[in-house]
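**Q** Copied straight from TrEMBL:
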- 680-796: domain 'ABC3 transporter permease C-terminal' (DOMAIN)
- 21-42: transmembrane segment (TRANSMEM)
- 242-263: transmembrane segment (TRANSMEM)
- 337-356: transmembrane segment (TRANSMEM)
- 368-387: transmembrane segment (TRANSMEM)
- 394-417: transmembrane segment (TRANSMEM)
- 437-457: transmembrane segment (TRANSMEM)
- 671-697: transmembrane segment (TRANSMEM)
- 770-790: transmembrane segment (TRANSMEM)
Amino acid sequence: MSELRLILLTYSQFYRRHAGLLVLFLIGLSLGSALLSATLGLNQEASQRYQTSTALLAQPVSHFIRPPLGESGLSLSLWQRLSAAGFVQAQPVLEGRVRSDDNKLIAVRGVNLLQWQTAGVTQPAQRQSQQSNTEHALFDTLFVSPERLARLQLDEAVLYFNGERVPVSQLDGAGHFALADISLADRLLKAQGQVSYFEVAGLNAAQLQQLKILLGNEGRLESAEAQTFDALSGAFFFNLQALALLGYVVGAFLSLNAIKLAYQSRLSLQQQMATLGCRQGQLLKALCLEVTILSVVAATLGNLLGVLMANLMMADISAVLSSFYQLDRSLTVSFDVALVLIGTVLNLAVLSAFMVLQTTIAQRLTKWLTLALLVLAGVGALTLLALAQTKWQALLLCACVLLVFFALTPPLVRLVFRVRWPTQASLLVWLKGDSLTQLPALLSSVLAILMAMGAAIGMQVMVGSFSSALDAHLQTRLNADLYVRPDNPTAQMRQALLDLPDVTQVGVYWSAHSEVQMDNETVPVTLMSFGEDARYHQHLTLLNKQPLHASHLSSAAEAISCLVNEPGMRRYDLAVGTLIQVQQGERAFSCQISGVFYDYGEPGINLVVSSSVIVRQAFLYDAVGFMLTLEQGADAERVADVISQRWSLAGHQLVHNQVFKRYAKQLFSQTFLVTHALNICIMAIALFGVWVSFLTLGRQQLQPMAVLQTLGVTQKQLLLLKLCQAGLILGLTLLLAVPLGILLGWVLLEYVMPIAFGWSMAMVLSWGDIWGFCAVVLVLALVVSAIPLLKLVKRNVADNVAQL
C-alpha cells in the first residue's frame, strides 16, 4: 500500500511541475463531454418540466384538464365543483397576452397564489424594498423573471393597463410569462371567469376514473406525459443530440492528442520508477486510479461547462421550442450526477481505446482494420441508402459516410507525399519525406478537422437549402398584401372590407382544433380554412408544384375533399385518396385527402378544407382575421389607414406583407442558432486539437530541425517550410471535407429532414460560401499550428544540436 501511495505521490508531483500538461489533459477530456452534457441536460429538463407546478411549487403535475375541442376556456365554477368533490389538487391556470398602456406586450399566466401561503412558501422578494409584503401586494403584483424584466426596460417597477397601476416584482423561474394571481390575470385579460386549463397533481387510478366521470363532456383529461410538445419536439432534440455526439467524438480526438503529449512526457518517468524497483502491477494499479480520477474530474468540469453553455443558449432555445413545439414551461439546466457518470464512462472508454491502440498487435493490424472499416462502412451506407426509414437509421447512414471518409483520408493524404513531385529542390524533397514521418502523429487532428469541417459544411448545405426553400415558400404562402386581425372578425366586416376601393379579394383564416384516429391512436390536428373555394387557397403549394383546382377542396356533403400538410403525410403514412375521420367532441365528418401541400416550420398535422365545411359541420373554430389582396399598384399604406380609422384598429392588428415575411424569416432563423453555436464549438475543439498535435510533435521535430539548422537553413526558411507542410496536410484534409460535407448535407436533406421533421426540399450549393469557409478555417488552422512551431524555430541552434 505504501508503494502505491508513493507512486501516486510521484504522479501528483509530476503534474505540479507540468501544470500546463494537466490543463491540456483535462480540457481535452472535458470539452466534448460539455456539449453532450448541455444537450442531454436540456432534453432531461424538458422531459421533467412538470415536476414543479405552474405556481413554481414542488408538486409534480400528473394530468391536465383541457377545454373541449374547439372551445377556448373552462368555467371557474368547474374548479369549485371539483374542490367540493374532494379534488383539491386541481388548480386553475389562465394564460393570455395583454398590451400595457405604453404598448408593451405581456404574456400573463394567472395561478392561485394562495398556494404560496398555504404551502408555506416564502413570498418572492420585491424588486423595490419599500414595497410592503402585504397580502394585497401579493395578489395584485406581476412576477417577472430577471431576463424578461431587463427586456421590458421599465423606468420603475410598475406597469399600467387601462389606467390601472400594477406593481412588477422580480421572480426567478417565471420564464417568458408574467406570473400573477388568477384574480389579477382575470381582470387584465378580461376573461370573465374563464380559465385556460387545470393542473392536477398526484392522481391515483381510482381518482382518475372518478374524475373522468365527474368531467363528462365539460373537459378533456390529458396525461402530463402525452402533451403535444413531447410528440413534436423529438426531432429537435434528436438533432441537438446527434450534433453533441459528433462534438464528443471530435473532443475524443483532441483527448487522444492530449493523452499522447502526457504519455510522451511520462515515458521517462515510468522507466525511472521501474528501474528503482516499483512493481509492474503497482504501476498499473496506480495508472488505473489516476485515469479514473482524471476521468471523474474531467466529466465534472464538462458537466459544469455544459450547464453554463445550455443556460447561455436558453433564451434562443426557449423561443424555438415555444414558437414551433408549444413549450409551456421555462427550462433551466442544472448540475446532474447522472450526466457526470455518463461523461466518466465515455472518458474511460477513450482512455482505454488509447491504451489498446498503443499495443503492438493493434499497430500491426491497423492496415487490415482500416480496410475492414472501409468495407463495412461502404456496405452499410449502400444498404441504408435503400432501406433507411427511421431517424436512427438516417443518423447511422451519416455515420457510415463519415467512416468511409475516415478510412480513405489517411491513405489519400499519404499518397500525395509518396508520388513523385516535379521538383529536385532539396528542401522540398526533405519536406516530402518528413511529412510521411509526421503524418501518424498528426492523424488524430487530421480526422478531427475532417469530421468537424464535414459536419459544418453539411449543416451549411442544409441551412442554405432550407433558406432557399423557405424564401420560395414565403413568396407564395404569404401572398396577401395586407393582414387584418380585428378582435372580433365577422362576416359583415369581411363584406365591408371587400367593398373598399382597391380591394379585390378578402380571404379568412379559420382554425379549429380537432382529432383524427390513426392506427388506434388519437392524433390532434388543426383544421384550417382560408375561404369558400380554391380561389382563396392558391397560396398553398402542392407537392411536385401541381396546380390547385376546385376539386381539391370539394365541399359536397357526400364527397368532402381536404388537403394535408407534408409533415402529416410523412409522419402518419397518409396518401392522396386516404379517407380520414375528423372529430371535434360529438361532431365528426369524413374527408378524402385530395392533395399534399408544403408546410415548412409546422411539425404537426394540418388539414385544409373549405370554410363551408366547417360551418356545415358546426365545428367550433377561431376566426383569426382576414387576408386582403389589393389591385395592382394600389397603395397598401393608404388602405391600411382607412381600415384602421374605420374600425379603430391598433398598429399591431394591421400587418403588411413584407413585415409578415420578415418576422417569419426571423422566427425560422432562430431554429438554427443553436446548431450554428454547436458547430462553432465543434470547430473550436478541432482547431484546439491541431494546436495540441503540433505541440505533441515538438520533441519529435527537434532532431530533424537541428540537422537542417546545422546545414545552414535559416530560422525564417525553417518556419516557412514547416508552415507549408502544415498547410499542405490541412489543405488536403479540407479538400476532402468538401465532398464529405456535401454528401452529409444530401443525406440530411434526403433522409433526416423528411424522416425527422417531415419536410422535403432540393439541395442548393453555395460554392462561394463553402470555399470561403474553408479558407477561413485553413488560415485559423495555420495560425494555431504556427504557435508551437515558432517556439521550436526560435530555439538556440546549439541547444537543438545538443539533442542529436
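Cβ atoms here come from the backbone N, Cα and C positions, even for glycine.
Since the structure is predicted, the reported quantities are computational estimates derived from the model, not experimental observations.
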**Q** What stretch in 21-42, 368-387, 394-417, 437-457, 770-790 has the biggest tally of Cβ pairs under 8 Å against the transmembrane segment (337-356)?
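**A** Maximum Cβ contact count belongs to 21-42.
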**Q** Work out, from DSSP, the number of helix, strand and coil residues along the domain 'ABC3 transporter permease C-terminal' (680-796).
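**A** Its residues fall into 100 helix, 0 strand, 17 coil.
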**Q** Counting only residues 6+ away from its ends, which parts of the chain sit with a Cβ under 8 Å from the transmembrane segment (437-457)?
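**A** Sequence-distant neighbours of the transmembrane segment (437-457): 243, 246, 249-250, 253-254, 256-257, 260, 402, 405-406, 409-410, 413-414, 417, 679, 682-683, 685-687, 689-690, 692-694, 696-697, 700-701, 704, 725, 729-730, 733-734, 736-738, 740-742, 744-745, 770, 773-774, 777, 781.
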**Q** For the domain 'ABC3 transporter permease C-terminal' (680-796), report the average pLDDT of the model, please.
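**A** Mean pLDDT, the domain 'ABC3 transporter permease C-terminal' (680-796): 81.
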